[in-house]
Each structure stands twice: as C-alpha cells, then as structure tokens.
Amino acid sequence: MRWGHHLPRASWGSGFRRALQRPDDRIPFLIHWSWPLQGERPFGPPRAFIRHHGSSVDSAPPPGRHGRLFPSASATEAIQRHRRNLAEWFSRLPREERQFGPTFALDTVHVDPVIRESTPDELLRPPAELALEHQPPQAGLPPLALSQLFNPDACGRRVQTVVLYGTVGTGKSTLVRKMVLDWCYGRLPAFELLIPFSCEDLSSLGPAPASLCQLVAQRYTPLKEVLPLMAAAGSHLLFVLHGLEHLNLDFRLAGTGLCSDPEEPQEPAAIIVNLLRKYMLPQASILVTTRPSAIGRIPSKYVGRYGEICGFSDTNLQKLYFQLRLNQPYCGYAVGGSGVSATPAQRDHLVQMLSRNLEGHHQIAAACFLPSYCWLVCATLHFLHAPTPAGQTLTSIYTSFLRLNFSGETLDSTDPSNLSLMAYAARTMGKLAYEGVSSRKTYFSEEDVCGCLEAGIRTEEEFQLLHIFRRDALRFFLAPCVEPGRAGTFVFTVPAMQEYLAALYIVLGLRKTTLQKVGKEVAELVGRVGEDVSLVLGIMAKLLPLRALPLLFNLIKVVPRVFGRMVGKSREAVAQAMVLEMFREEDYYNDDVLDQMGASILGVEGPRRHPDEPPEDEVFELFPMFMGGLLSAHNRAVLAQLGCPIKNLDALENAQAIKKKLGKLGRQVLPPSELLDHLFFHYEFQNQRFSAEVLSSLRQLNLAGVRMTPVKCTVVAAVLGSGRHALDEVNLASCQLDPAGLRTLLPVFLRARKLGLQLNSLGPEACKDLRDLLLHDQCQITTLRLSNNPLTAAGVAVLMEGLAGNTSVTHLSLLHTGLGDEGLELLAAQLDRNRQLQELNVAYNGAGDTAALALARAAREHPSLELLHLYFNELSSEGRQVLRDLGGAAEGGARVVVSLTEGTAVSEYWSVILSEVQRNLNSWDRARVQRHLELLLRDLEDSRGATLNPWRKAQLLRVEGEVRALLEQLGSSGS
C-alpha cells in the first residue's frame, strides 16, 4: 500500500452545506482574540479561541466599533438573535467529525486556509496539461487572510465582490462555516450583518418567484424587522453565496431583466444575478464560493477579487493540523463510553511517527496537500489506534469521507442528466483503479489516465462533462508521483483509495466485457418481444405441421437464461479473484492488512527486510475488504445518497458468489495474519448470518504473534463473539494484549475450550478480567495458559478467586509468571478451593524449597490434581530429592516433575520440559536458563552413572545430547 490531499464537507442542514476542513499556509503563529463588541461578548459563555494562520500576512487587531447602522434596540436584538441562531446552526458537526471529541469545533480552534489571489488572465488561460494540473499553486502569489478579502485592490479601488474557488475537497464549505462563526463571535467587525445563502438550496426552489426579502425572512426569521434597513447598511452588509456551481446564471439582459427592488418577486437565480450586477443593493459586499469550472458564470467585470483556496503548502502546516486533531483530549475515546481513552503519551507518539513519515515520505506529504485527506489520515489513525465505535468500519470511513466531499454534488448543473459527480468518478477513476489492481500496478502514465477518462466519449456534451471533472475533481483522486525515477507518472492520492474505487467499480456492475454488453442488449430485446413471438409461434404450431417451431419457441425462452448464467459466471470470476487476493501469501508484506495500512501512514520503524529491493508485485489486500464492506447495508445506503446505488439483488448475488468461493478456500488452515485478514473481511461486510455460515467450520483461532490493537480486538469479537459452536482452541500468544483487549475479547473467550495467553505482559490488573471470565456462567475453558506473563503473587490471589468458583478448568499453566515463594504458598493454601484441576504448571517462578514443598504436599492431597510442574525453580539438591521422593512415595496423588530424571531413569516429561525451554529461549534470562540446564545435565550424568541398564543409559545419553545442544545454542546466540 502506498500514498495524497483535501478537507471534507457535509450539509449545513436543511438546504445548506458545511464542511470540516482547515487549510493553512507556511509560517503558522497564534493570535489570541478578544471580544470586540463594546468590551463584551455578543452572546454565550466565555470561550477561548486560538487561530492558526496559514500565512505570515495578517491584519491589525480589529478596529473600533463603527457607528451603529441599526440604531433601534429592537433591530439590535434581532441581529443578536440572528447571530445566536447562525452560531448554533453552523457549529453543528457531522457524526463523522464528532468522533474526534467535542472540543474540536470551529468556534474554538482553527487553522486558517491558504487563499492566494489570482487574476482573470490566469483564469482565462487554456486548461493546463494533465501533468501541470496537479501542481501546487505558485509560491509567488500573495496569500490572503480572511480579514483581507475586502481590502482595496492594488489600484486602491474598493472591493465589493470576492469570488473564492477551489477544487473538490479544498475546504470551501469549511471556510464559509468558519467565516460565519467569526462574524457570530464578533471577529469580523467590518460587517454589521451577514446573510449566508446556499446556492444548492436556492436552486432547489426552481423557477418559483420570490423576493430577496422573502428569501431572507423565510430562512432567518429574526431579520424580518431589519429587512427595510438593508439598503442603508451599504458595504457593512455581507452576502455569502456558497456553491455557485449549483445555479444557472444568465447575465444577458434578454435572459435576466434588471431589478433593484429587494421586495419584487423573481426567480432566485435572477435575484443573485442582480445582486452581482450591483443593480440590487449596490453597496452590499458579496462573497462567492465555487468550483473552478463555474468561475466563468460571473463576468469578470462584476468581480473585484479572485482568490484560490489552496491546501497545506508545506509539511509544517500538515503537522500543525495533525497535532490539533490527534491531541484532542477525547480523541482516543470510544463512542458510548466503552474502551479506554488513549493517553497523551500514546497520542504524542502517533503525532511524532506521523511527523517523521511526512518528512521522509514525500508522497504522503503530497497527499496531505489537500486538507480533506489530512482528515482522512486522522480518521484512519483513530480507527486503527483507538477503541472503535460499534459498527464503524474502514469502508464506512472512506464512504463517509466521500459523502462529506461529494454529497449532493452534480457534475454539471446545466446538464439535463444531473449526473452525480461521484457516479462519474466511480465510472472513470474506478476503471483506472481496477485496471491497476488487475495488472498489479499503482503508477499510471498520462496515457493510462486519459485512456480511462476518454473511453466511450463521443458527443460534445460528454467532452464538456469530462472537462468539468478534470478541472473540479481530478486532482482529488490523483496526484503526481514524487518518488525518484517516477517523474511524469500519477498515483492515487491515498493508496487505499485505489482499492476502494476498484471495489466500487466492481460492486456497481460497471465492469462489463463486450460479450456481456452485447448479451445484455440481446436479452433485453428478446425479453421485450419474446412473449408476442411465442404467442404467434404457438398458434402457428397448432395450425401448421412445422416441427421446427417448437424448437424455436424454446430457444427464445433460453436466451435470457443464458445471459443470466453468463452474468453469474462473471460474478463468480470476480469473487474468485477477490478470494485469491485475500488468501494470497506474500513474501515481503506478510503483515495483516491493518498493520500494512498503519505502516503506510506512520512509516515503518527499523529497517525493512530488503531496503534496496522493494517488491515488484504490489499488494492489494484491501481490495477484497472494501468489496465486502461496500456490500453492507449501511454503505449501500450512503452510496445511494452519492448517486451510486447498488441494487439489492446485485448485492445478494455478489454475496452468494463470494460465499461460495470463501466456503472452499476458507476451510484451509491460514497463517495468523491471513486469518485476521479473513476475519476483517467479515467485519467489513457487517452480515452476521453470512459470517456464521462461512465460519461455521472454524475450530481453531490461531492469531499468535499478531499485534492485537483495539481495532483488531473489536474485529475478532464482532465476528466471532456471536457464534454458537465452540472453538477448540484460541491461541493469542505474544499478541501484546492488555486488560482492555481482554474485556473486548470476552465473548470469544467464552466460546473457547483451550485459551492461550502466553507472552502478553499481562499483570495483576489483567487477572481481574480473567477472574470475571472464569466466574462467567458460560465459561467452558478447560485449558488456560498464562505462562510468561508478570502476574506476580498479587495477580494469582485474584485468579484463585475465579478458580474457586470455576467448574471447567482442568489444566492451568503459570510457567514463568513471577510468583516467587509468596505465590506458591498462596496456591498451596487455596488449592483445595478448586476441585476440578488436573494439571498445574508453576515452573520457573523463582520459588525455594519451602514454598515448593508446601505446594507439592497440597497437590498430593488434592482430589483431582494429577500433575504438578516445579522444574526450573530455585531448588537445592536436597529439595529436589525430597520432591522426587514425595512424587513417587505412594499410590495416588499428583506426580511432581522437578527434573529430567526420575531416579535412574529418564522422566516421561523430559520432552515437555525441553520443548518449553526451546520455545522460550529468546525471552527468558539466558544466564538463569543456562544455570538450570547445567543442573539438569548434572542430574542426567549422575543418573547415567548410577544405572547399569543399557537401555536407560542410551535414553539418558540421548536426553543429555538434547540438553547440550540447547546449551550450545544459548552460547552461540549469546555471543
């Protein structure tokens, strides 16, 4: 997986649009603002505000208050109510934004966008070539602050109309929301009254006539009594017209007549035209935002200043954004209060790793040039490293990201087809993405891109749509490759976006072979005329003795079935390719897909296996995950809002084809990372019935060595927690589990018969969760392995509370858990509280003779205990002999294993002991292990010297050889 930039957008509410983005510029600095309105706030409680500017250019502190233009108390109160309503309205954040915590709001902290002034000559130049279209804005153009937009121009003329333009995702909606909130909180003192309009809202009114006063009064009720005074406000009245591309404006007098009366009913587009002509309210200030393709809808003579909304022009601004985002106090807290909040140290670590990757990985820096991709990076990191809200998937993050940027957007409002911008992107960019996945490449030449964009274009209207897409949205999806040796090529802005769009291209049914296209047309034609022809042929067959007619009659019926089977075969082929990609074993990228995604964002700590030889074969393991995720009901509903509906029947048939292939390949034993990818696919699909059927044959869950982050624990618990059949074994050894992960995985543990939690650094705190697990009435665990965890005596005291009330556990391993004498004495005192235990392993716990002997005696008296492991403890020669004698003293009672020998014979448990040593050789203290092995070797030599039985001597010699080999291995690895 590899790496690109923008900030998202959502609706303002009923008819308005809003976004969540914060662009900026080069040298950020902080300004702490105070309230300018007569020394007091316009409304609301005190609120700290920090502004991070995108440029070093800033205006002076707000000047003193102008003379009041609305002198009456009632008018002042009406405007104050208007401020309060706007602030409440524009402060609302979409659900996707709220997951970052309530403190990240536009009225408390903000990174100002970079706005670079441009000229009409630049806008009228011919469109740049594809390669140049993706270049950042020229550094020489002066940046503008929000407060400077209406400053006099270079000739000293007053600027009344400002047009701000930017491609999809540069943050036009967020800029408008921020500007409105600035005015609400008194930070734009130059304007007495601000009236925002959404052009999308106005376009939805159609040709129904309404006056400007009616439009304002309908949307902002408190302003009814201020409307007669609007003309007197002059330049202190600011209209904000957001999303001009949604309106069809005609500035010809023949098309739109002149009108200066704000109370005269007209079409909404005519009102906007006369406002921009300065024929209606000629002194009012107007701010317009639009996509680049619609700039020409306003003649340049009516515009005082053009400004391009740009992205984060250097990595310092990107770092600032990430610090603000990821260091929010509630950033790591799960929705609904579940899970554990990320600590400040963990958040700082994420920011530091991301900063290092931004400095060393130029492609991700190029991606984050667009602020909305910075949002996507933060959302992905939040998903990967924080407790995940129920139902949130990686696919839903990407789908929501596209909804925030494309919701309600049509490609061209003047085109009668009203084609969705996202639907056009799915058809063109999806084709390019899928061709890249199928040919296993992520770099595309200009010919590749043009080939997908221009495929099938035949009419002038289609070329016009392509031109609009290239100007408004192409660089949202594609970025120039900045890697050495890749000049002139393009990559998808974010690597995962290629796989998402490829999956979308498939599930939307846009990939069709020539045979399928022809077959579909033939089948539809036959279907339309088939009934009539069949009726005629049926009559003729009865009247005329023609034997060929029944055959022809049946052939007509067969044609739709043949086409249906052809489509079904195509779906099966896609499912086959998807499943093969999911279970494809890689030599280089063998981490699970979530770790791969995290590494692509944060970088890889430490050297790669082959630093000078990157893999030639690209990995597209997210592609099948996104395919499953896009078929989920939630994502299909969001895609329908974007103009990309997936039919229920198509989703069902695709799911059935995938299930058929998964049922065959899913039965094989998978490596831990591949098994997690399999479970992650089911998590993305969000269909419990589907997952239960496919995973019904899963009996062993082996995720040993997989780093179980909060999201991975959530994935495993969500997919396997609701299953009914028992799991023979759950192996989570060396998974970096913590108590929060144990709590998340509780539903899975309740299905397990054998549970392995070795090498997880679980301490006494985790024993509380293990106690609750053992006391659960559905617990069916028979074997519990907790070796190589620092449980200590305090943890075992808690664990014994669970064992006292548990009736299922028969085998318990506490090998190398730091129990010491205190822990073994505690076990000896409370062992009789459990009546089912059959085997107890407390080897390598640093216990002495007294504690070990006490536990051995308690074990001998236990009604069910059969085996007690005490080897590798700090036992003297006399202590070992006493324990050996105790273990074989009488019939019945537990056998005590303290050495590789039993008298003059080899212990039948010698292989168990040595295999434990071999398995933990790299994690145990080498000097201590070497000392214990030397003691065991001495026991073997003594036993061999004390026996005359040649068979026993041979066995002892064999075991001696195994011990010596381990000692040599210790010595060589130590050196």
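Backbone N, Cα and C atoms are what each Cβ position is placed from, and that goes for glycine too.
As written in Swiss-Prot, here are the features:
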- Gly166, Thr167, Val168, Gly169, Thr170, Gly171, Lys172, Ser173: ATP binding site (BINDING)
- 160-483: domain 'NACHT' (DOMAIN)
- 667-694: domain 'LRRNT' (DOMAIN)
- 906-970: domain 'LRRCT' (DOMAIN)
- 75-556: region 'Required for interaction with MAVS' (REGION)
- 695-718: repeat 'LRR 1' (REPEAT)
- 724-747: repeat 'LRR 2' (REPEAT)
- 749-777: repeat 'LRR 3' (REPEAT)
- 778-801: repeat 'LRR 4' (REPEAT)
- 811-834: repeat 'LRR 5' (REPEAT)
- 835-857: repeat 'LRR 6' (REPEAT)
- 858-877: repeat 'LRR 7' (REPEAT)
- 878-899: repeat 'LRR 8' (REPEAT)
- 1-86: transit peptide (TRANSIT)
Averaged pLDDT, computed only over the residues in the repeat 'LRR 3' (749-777): 95
Sequence-remote partners of the repeat 'LRR 5' (811-834) [C-beta within less than 8 Å, at least six residues beyond its ends]: 758, 782-793, 795-797, 800, 803-804, 840-848, 850-852, 854-855, 857-859, 861-862, 865, 869, 916, 920, 924
Range from 695-718, 778-801, 835-857, 858-877 with the greatest count of C-beta pairs under 8 A to the repeat 'LRR 2' (724-747): 695-718
Position of peak Cβ density within 10 Å, selected from the binding-site residues Thr167, Thr170, Ser173: Thr170
Residue numbers, six or more beyond the limits of the repeat 'LRR 4' (778-801), whose CB comes under 8 Å of its CB atoms: 726, 733, 749-764, 766-768, 770-771, 808-820, 822-823, 826-827, 830, 833-834, 841, 920, 923
Intrachain neighbours beyond the domain 'LRRNT' (667-694), with Cβ under 8 angstroms and 6 or more residues off its ends: 391, 393-395, 582-583, 585, 590-595, 621, 624-626, 628-629, 631-634, 655, 659, 700-706, 712, 714-716, 718-720, 722-724
Number of other Cβ atoms within 10 Å of the Cβ of Val168 (ATP binding site) across all protein chains: 25
Secondary structure tally of the repeat 'LRR 6' (835-857) (DSSP, helix then strand then coil): 9 helix, 3 strand, 11 coil
Least buried by Cβ count (within 10 Å) of the binding-site residues Gly166, Gly169, Gly171: Gly166
DSSP-assigned states of the repeat 'LRR 2' (724-747) in counts, ordered helix, strand, coil: 8 helix, 5 strand, 11 coil
